[in-house]
Amino acid sequence: KLRSPRVSIEQIKNLHNRFTYLTQDEDTLRREHLENISNLALNPIRRQIIEAFFDKRNMGEKEKGCLQEIGFEEFVTVLSFFRPPKPRTADEEMKNVKKEKLRFLFNMHDTDKDGIITLDEYRRVVEELLSSYETIGAETAKAISDAAMLEVASVTVGQMGPDEFYEGITFEQFMQILKDVEIETKMNIHFWNLDTRTMQCGK
Amino acid sequence: EKEDIYIDYCGMFILVLGLLVGSLMPLGGAASSPDTGTGHGGSHGNKDPGYAKNGNGTTYSKKPFPVLSFDYEHVRLPFEISLWVLLASLMKLGFHLIPRVSSIVPESCLLIVVGLLVGGLIKLVGEDPPVLESKIFFFYLLPPIILDAGYFMPIRQFTENLGTILMFAVVGTLWNSFFVGGLLYGVCQLEGHKLAYVDLLSCLLFGSIISAVDPVAVLAVFEEIHINELLHILVFGESLLNDAVTVVLYHLFEEYSSVGLITVTDVFLGIVCFLVVSLGGIVVGAIYGILAAFTSRFTSHTRVIEPLFVFVYSYMAYLSAEVFHLSGIMALIACGAVMRPYVEANISHKSHTTIKYFLKMWSSVSDTLIFIFLGVSTVAGPHQWNWTFVVATLIFCLVARVLGVVGLTFVINKFRIVKLTSKDQFIIAYGGLRGAIAFSLVYLLNPEHFPMRNMFLTAIITVIFFTVFVQGMTIRPLVDLLAVKKKQETKRSINEEIHTQFLDHLLTGIEDICGHYGHHHWKDKLNRFNKKYVKKCLIAGERSKEPQLIAFYHKMEMKQAIELVESGGGSKLPSALPSTVSMQNIQPKKPSQDRALPQLSKAREEEIRKILRTNLQRTRQRLRSYNRHTLIADPYEDGWNEMLIKRKKMKELEKKMNNYLTVPAPPPDSPTIARARLASDPQAWGLKSVTESIPTIKVDLASPQSPESVNVVDEFSKKGSQPKEEEGGLTMKVPSPAKQRKDKTPDEEPQQRLMRCLSDPGPAAEEEDEDDPFLPQKKSW
């Protein structure tokens, strides 16, 4: 299940060291372990990042829900979403890689797991992004998320009568509006490529 | 078709005009020789004959007062400069009027040809054509182009590819210099008698001069082919950063060529010098950039001179770097890049536009002049043609470039996520154009130390001509042939911006979880430092606390609002939103709440709703633009806080407006909005015709569309106006009460207002501020 052919033994060993460090030698990782990372506390979207590790949808399973604790396998599975594609990847395969990464992002936004990002959920995303700036009121976050939603609806659906209600962003629409962002090249962590000695596992 | 022919003739005419202007140069030169005294003679010969006879004892004969005289020497220099600039601009104008030519041949080629023609003309007349003096080039012509490039440099792409760019700039240029220099020396030795006097150091010097990719030429050609951003930033970044290498190598070889020997110490010192030159240049630039940012913080009362600070500080950075023989180009780039985010947050919108257009104008004129002068200098310059040398130079340059790019890419691709394909490599190699910097550097050489200077000059001009003409002309069809990705013209959407930021934080978080201190971690630290300390110092007022997302959102809204205005009002929506989706579709349906008002029968409600909806559709389209107009009220001039207050009021207003046809009189303290809405949308008057087809709308304000209507009812019941009055209150109907409202006190009854509206003869014919409907009425706030 671990898609190991694309990951080297060296990298797995390093990740395991990190995993053990985080869980303080226990077998499973819980939310508190991740919350203890000091650098992560400064991140405005830490809650969503932590949740992503415990989201069943990211484990390749069809069921929805959250786990309370995860093992090393799940840890690496989530991290593998940030693996850069191999240099000689065919276009078809590249599209799949992009779709996977976008699916990960989508799941992060879709907190109630119904397959649609509603206005409220999107608003919460923008609020979290702006949460590190104390002076910004909720009104501005609302305005931005409204404008963003409007844009998605305009671009993807186009014509809507005044009566119709736009439920929310589906995954296909999500893929459509972010097709220019080049996720497959941006959403990567370099440690998969470089010498794993650069990882400060001791800290 | 007649139009095309007409435009072609116009283009030809302007070109001819330009050539005539150009030919005035030699005449100007010739005119300086006759003395100015002769001009006086003719006009007064017969007027006062008595005076001329007065010659007996007096040595002084009073000349009559000269009515008209000719004194060219007086204004010679500025006159000639202006003539050149005029020539350059007319040429540019002419080329663009003839579309067929300008689509095949890049502008730079045409300009060089013009330069050749003008130079030829001047020589025919017998005068000496002016040469592109290095001082003029380096102090006046080059800085605007570099500043323009540096100020508008896309920082994000630049820093992402910095490693690659540095590799190409430093290692690539070194490789090129030594390869070309060394092989040329070998050729010179082999050739025998004519070239044997060229020693190794001179060859290396020549190699270092000619191997530098020229930013002016690259910009001129690449801008026309609209290539994708990655390639553009790679080649362009390389051309900028190799300046440091060129400076060091040039000075190193020039210093020691007279001695003829370089030791290991010298090489070591050269490396140290390189670090000092590049880092020193950047530091000098950064210091001036911070000074400029700091100064711009206090310019809120003197908006007019804001652009001046940007220009002068940058120019000072360049000159200061040149004082210490540091890299002036890097200083200029660093200054522009450092000051830009802070200055843009501080200055007014108009200053921003001014800076942009001035920089574009100056760099465009400089660019044109440089190429024309290059042509003229070719005709003028002392030449010494040597077949072997020139051909060898050309071949070695090309070969060195190709080998260098291929070799470096092989190494670089090991470290890149987005690998450079062979198509990319070809474009990078092919885009290595040489230009005027190389020419000027050779021109600076002292002929006594370098007897082969003329030969170098000839060789360099040949290489420049080859790269600009052959490579410049063929790169466009090659780009099409190879199907290289072009620049995407898509607008930046708010969704993309949100997700870019989201991704940044996400990747930083993942890096923290893995304990990996990578690229994102440090970038995040830098951003936090910037936000906490730097922004507070350098940005005035509230803007210092503004997150990037909000700044982006406001910029976007401004842009859309301006577009809306320019497209003639609300009837034509900007092309970005060609849909009928509006806010109404997005708001979740609110559950019906208990109404504190008497209920209507269902049928009645339905009927009213249907009527209102039919009309609301059109109104909503226009009113949707409502929100954005408010931002046109020059928010950055008036202060941030005021703007936030205004927006809050706007939002509340929009909620009410969206829900019914009979727009109640807006709160009295917002005449701006009403005037903005009305003045920008002449079609709003059309609503009048609609109402005629509908039976009298007895708008019972108790018929709610949404719970918000409750607010309005309350408001009006407080003020005691009767619902019936509202019928006439289609404020869309009459403009004048809205406009006149600006002079009224806030607690005027809406009733009285409406009475006036009905009895008013009509809008005043002249409204003084029709042209500028969006300026806020300061007193009303």
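Placed from the backbone N, Cα and C atoms, the Cβ positions cover glycine too.
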*Scan B:42-69, B:602-629, B:742-769 against TrEMBL and say which stretch is down as coiled coil.*
B:602-629
_Is it the case that the transmembrane segment (B:165-188) and the transmembrane segment (B:387-413) touch, counting contact as three or more CB pairs under 8 Å in which the residues of each pair are 6 or more positions apart?_
yes
*At an 8 Å Cβ cut-off, counting only pairs 6 or more apart in sequence, do the transmembrane segment (B:200-221) and the transmembrane segment (B:265-295) clear the bar of 3 or more pairs?*
no
*What else in the chain is close to the transmembrane segment (B:456-479), if you only count residues 6 or more beyond its ends and a Cβ gap under 8 Å?*
104-106, 108-109, 112, 206, 209-210, 217, 220-221, 224-225, 227, 374, 377-378, 381-386, 389-390, 393-394, 397, 427, 430-436, 438-439, 442-443, 445, 450, 486
*asked:* Counting CB pairs under 8 Å, which listed stretch among B:137-153, B:233-253, B:265-295 touches the transmembrane segment (B:315-338) the most?
replied: B:265-295
*Name the range, of those listed as B:233-253, B:265-295, B:359-381, B:387-413, B:425-444, that has the largest tally of Cβ pairs under 8 Å with the transmembrane segment (B:137-153).*
B:359-381
_Are there residues at least six beyond either end of the transmembrane segment (B:265-295) with Cβ under 8 Å to its Cβ atoms? List them, or say none._
241, 244-245, 247-249, 251-252, 256, 309-310, 313-314, 316-317, 320-321, 324-339, 342-343, 346, 537-539
*Go through the chain and flag residues at least 6 beyond the ends of the transmembrane segment (B:233-253) whose CB is under 8 A from any CB in it; none is fine as an answer.*
146, 149-150, 154, 157-158, 161-162, 164-166, 168-170, 172-174, 177, 201-202, 204-205, 208-209, 212-215, 218-219, 222, 262, 266, 270, 273-274, 277-278, 281, 325-330, 333, 427-428, 431-432, 437, 441
